[in-house]
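Visitor: One structure, as structure tokens, below. Some questions next.
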């Protein structure tokens, strides 16, 4: 009898499953509502991901998605995004995209009009213009003031190490020293937990078809040219209609080394519950970077879903949105970090 009890408890721990399901990182409610509405109106899973993440680009979710946020070291806002079709395994992505606001829209065009997967930088912007996207300034008063404030506080925090002049005390331009004396890497303390709050989204349609996507303006004060996990397939997100989908958010420089979204989908393919799949991914990264800031969302093709996050000071719970037939409206959910 005790054995039976355990099995029931485990079954109860798994989220109730129903299709379709839309799940996205953070409490970005309008993004969830937009994606759900697209599905209800007969749009495809890819349409729902594109419009849902695109809603965050328009709303400048948390200042970390879309234009006018997270200026880099030269004061410019650049965008990263990807979208993935879990039926064909096609991916479209853009990184270091300049002067174009609808990054995930451009990523979708990479799938539709090219045989490529990832376009970067000014060349990606030229492609976007050819695809009919307006070329415009992504700077706003807010991003300019963030930039000047950063300059006034000696360019702190930044992403340099082992350079001269000392990057923990002064602005560049930096170069490498004559002799490299490896110091311990500076603490992450000054990087706020709110630094990168990418929107990541997984949509699973009524027939179990999976699509996923991300959009972000990357790490604030990043070194120009930096690309994080968001536009990298398997890192920022991953979709496979035979298993499920996942999307990650947080410190992309660390997380992308582990292909967390790919890993989570592989766990689900082996039958692992989505919550457990997410937790296993987080604990794998923890071994190497115990203080990393990050979270992941997972959903399988039955519509069961879950999430997990790494517990650090100031980040003990992760909020995400779920829309499903079992919920009367897109609903914010919370998990405790591990």
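Using the three backbone atoms N, Cα and C, a Cβ is placed for every residue, glycine included.
What TrEMBL records for this protein is below:
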type: ACT_SITE; residues: 198; note: active site, nucleophile
type: BINDING; residues: 226, 227, 228, 229, 249, 250, 251, 252; note: substrate binding site
type: SIGNAL; residues: 1-18; note: signal peptide
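I'd like to know what surrounds each of these features in this structure.
Guide: Around the Cβ of residue 198 (active site, nucleophile), 29 further Cβ atoms fall within 10 Å across all displayed protein chains.
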Visitor: Within a 10 Å radius around the Cβ, which one of these binding-site residues has the most neighbouring Cβ atoms: 228, 250?
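Guide: Result for the most crowded candidate: 250.
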Visitor: Please report the number of other Cβ atoms within 10 Å of the Cβ of residue 229 (substrate binding site).
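Guide: Within a 10 Å radius of the Cβ of residue 229 (substrate binding site) lie 33 other Cβ atoms.
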Visitor: Could you check which of these binding-site residues, 226, 227, 249, 250, sit within 10 Å of residue 198 (active site, nucleophile), going Cα to Cα?
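Guide: Those near residue 198 (active site, nucleophile) - Cα within 10 Å - are 249, 250, in sequence order.
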Visitor: Tell me the Cβ neighbour count for residue 252 (substrate binding site), meaning other Cβ atoms within 10 Å of its Cβ, over all protein chains shown.
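Guide: Taking every protein chain into account, the count is 28.
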